[in-house]
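Feature list (source: TrEMBL):
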type	residues	note
ACT_SITE	GLU245	active site
DOMAIN	18-465	domain 'Aldehyde dehydrogenase'
Amino acid sequence: MTTFRVPGVPVIADGELISTNPATGDEAGRLPVATADDVARAVERARTAGNWWIGLGDAGRRERLLRFRAVLANRITELAELVNAEGGKPVAEAIVEIVSAIEHLDWATRNARRVLGARQLRSRLILAEFAAHLEYQPYGVVGVIGPWNYPVLTPLGSIGYALAAGNAVVFKPSEYTPVAGQWYVDAFAEVVPEQPVLQAVHGLGDVGAALCRSGVDKVAFTGSTATARKVMAACAETLTPVLLESGGKDAMIVDADADLDAAAEAAVWGGMTNAGQTCIGIERIYAVAPVYDAFVAKVVERAGRLTVGAAGDADLGPITMPAQIDIIRRHIDDALARGGRAVLGGPDAVQPPYVRPTILVDVPEDSAAVREETFGPTLTIKKVRDAQEALTLANALPYGLGGSVFGQRQAIPIARRLRSGMAAINSVITFVGMSTLPFGGVGDSGFGRIHGDDGLREFARAKAITRRRGPSMLPAMTFDRTPAQVARIVKLVKTLYGRN
Ligand code: NDP
């Protein structure tokens, strides 16, 4: 019998990856660990499957992806309970996550043809004798590497869009949530039994590294910034294009004309949902002086009411990755040692495998709790003079994923000036559920986009074609042009472009 040293820490025994619940240590499932050769073989199979998938055409893929979506919708409770059993996430939170994944799958499927299909573009006078065609062709095989914190929404945000764009996918789920990943790979195989268009390979980081080097045509990575650098370095060896969705340290700005009750409610959910283990979770808040005291009081009151525990209906579950607890503890201790105050929680809130809500104020801006990803149910709240100071501080970190602004008159200009890929006004995190909008970061938060039109194009190559539709009146791209024709070209260019 296998003994689990630390609940939640995956164990490899007899060639199997054993996944356990971080609160109870109960086994959630076990899966075979892939070798580098297994990964290579999966990619080879995916290549054949990808050709078959392309051969189905838009209509064939659409019909199957919509059936896959229906399986997810009809079995949503089963999957949510599995996510709870494996990672400890409360069931209601898992349901919200899966709903968003289903919505994206639906949207990507219904919009793939519009966004990627062949079209003719307008020709310009300078090459009027040619027609311009554009289409977006699938890469072939896409490798998807996913994190554990949103084991359904985050990988499917890449997988669904890659499949809708006509690619086959080889997916490496996080070692902390392989069972949830395998569940929907199996569900997909139920509706597409003919070919392994979507496969999973399991194991630790070395399996992800093998996938980067396996000859896939693109890698879509979601995880920490540190691993993103390794993935990009590995992909550089073969010039394999990468999409990097990495960490964040999102800020909320609360302006003087904000609805404080709404802002406090959103701050608490944005900071504490999934026990704070959210890449686009709120970790730092900048509230302007006139509303600061009232806002802090409302946040503390609301956060203090949250329930914590293993029960599937608690507001906050356990910290999924046990090693993260040391980071959360270090951030709280460091903040307090450097003059910060805990107005809720504090060092005693760290009770492995749980961390209770913690609100920190007066924390210096150069401390770890403000600069590094905490990934726990903690918030720092800082009093600022005005929205301009809030923006300066919010934009001071290398991360730039999402963000939030609460206010009325200046909210839109503030949101536009946040150095981030996304922003929510008078809400938090909502941009991730809006399938029409692209999702991705700037700076240390990565580059490339999932979701929306850009998310579909991320998984396809632009293919440009010119087609002659008549003789050239002024031949330019040929050695057959005469000096007189060159003189006429010069005259034409001055007529067309020479005036303002
Ligand atoms: P990690 O970077 O630790 O792991 C991410 C994935 O990469 C895992 O599947 C991991 O495998 C794999 N991996 C590890 N080493 C390598 C390697 N050398 N080459 C290739 N793959 C490798 O991140 P976490 O799983 O801890 O996820 C949390 C992080 O993800 C946070 O920073 C969070 O902000 C970020 N995130 C970003 C999102 C976004 O959209 N921008 C969304 C969700 C999370 P294994 O688990 O087996 O080690």
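Even glycines carry a Cβ here, placed using N, Cα and C.
Please treat TrEMBL annotations as automatic predictions, because they have not gone through curation.
The secondary structure of GLU245 (active site), as reduced to three states from DSSP, is extended strand. On its own chain, the residue listed as 'active site' has THR154, SER158, ALA220, PHE221, THR222, GLY223, CYS279, PHE439, GLY440, GLY441, SER445, GLY446, GLY448, ILE450 as residues at least 6 apart in sequence with a Cβ closer than 8 Å to its own Cβ. The average per-residue pLDDT of the prediction over the domain 'Aldehyde dehydrogenase' (18-465) is 97, rounded to a whole number.
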